[in-house]
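What Swiss-Prot records for this protein:
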type    : residues                     : note
DOMAIN  : 1-145                        : domain 'Ferritin-like diiron'
BINDING : Glu18, Glu51, His54, Glu127  : Fe cation 1 binding site
BINDING : Glu51, Glu94, Glu127, His130 : Fe cation 2 binding site
BINDING : Met52                        : heme b binding site
Amino acid sequence: MQGDPDVLRLLNEQLTSELTAINQYFLHSKMQDNWGFTELAAHTRAESFDEMRHAEEITDRILLLDGLPNYQRIGSLRIGQTLREQFEADLAIEYDVLNRLKPGIVMCREKQDTTSAVLLEKIVADEEEHIDYLETQLELMDKLGEELYSAQCVSRPPT
C-alpha cells in the first residue's frame with residue numbers, strides 16, 4: 001500500500017526522534033545507575049524501552065506504506081551531567097516530539113491517513129505522561145533541593 005510522501009517523511013522524522021531518545025534515555029539510565037540511583041535508573045531505562053516500542057510501531061507503519069525506515073539518521077544526544085540536567089534534557093526532547101507530532105497528526109488526517117494519525121496520537125499520549133513525570137521530578141527537586149531529592153533516589157540495601 002503506497003503511503004503519502006509527506007506522511008512517510010513525518011514518520012521517518014519521528015523515527016529519528018525515537019532512535020535519538022532511546023540512546024539518550026539509555027545512557028542517562030546507565031549514568032544514574034553508576035551514581036547509585038538504581039530505582040531512578042530503572043525508570044529511565046523503562047522509558048528508553050517505551051521509545052523503542054514507538055520506534056518499532058513507526059517502523060512497521062513505514063514498511064506497510066511501502067516506505068523505507070531510516071535507521072541511519074540520529075539526532076544529537078543531550079547528555080546531562082547531573083540529575084537536573086538529565087531531566088531538563090529529556091524534557092526538551094519530549095517537547096520537540098510534541099511540537100512535531102501535533103501538527104503532523106492534523107496533516108495525516110488531511111491526507112486521509114487515519115491509521116498513522118491514531119498511531120501518532122498514541123505516541124503523543126505516552127510522551128505527555130513522560131513530560132508530566134519529568135516536570136514533577138523537577139518540581140520536587142526545586143521544593144526539596146537537589147541534595148535531598150538525590151538522597152531520596154538512592155537505593156537502600158535490603159535489611
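Cβ coordinates are placed from backbone N, Cα and C, and glycine is handled just like the others.
Glu127 (Fe cation 1 binding site) counts 22 other C-beta atoms within 10 Å of its own C-beta, drawing on all protein chains shown. Per-residue pLDDT, averaged along the domain 'Ferritin-like diiron' (1-145), amounts to 97 for this model.
Listed in chain order, the residues near the Fe cation 1 site other than Glu18, Glu51, His54, Glu127 are Gln14, Ser17, Ala21, Ile22, Asp50, Met52, Arg53, Ala55, Val97, Ile123, Asp126, each with its Cβ within 8 Å of the site Cβ centroid. Report note: the Fe cation 2 site is defined by Glu51, Glu94, Glu127, His130, and the residues of the same chain whose CB lies within 8 Å of the CB centroid of those residues, excluding them, are Ala21, Glu47, Asp50, Asp90, Ile93, Val97, Asp126, Glu129, Ile131. The most densely surrounded of the binding-site residues His54, His130 is His54 (count of other Cβ atoms within 10 A of its Cβ). When Cβ neighbours within 10 Å are tallied across all protein chains shown, the highest count among the binding-site residues Glu51, Met52 belongs to Glu51.
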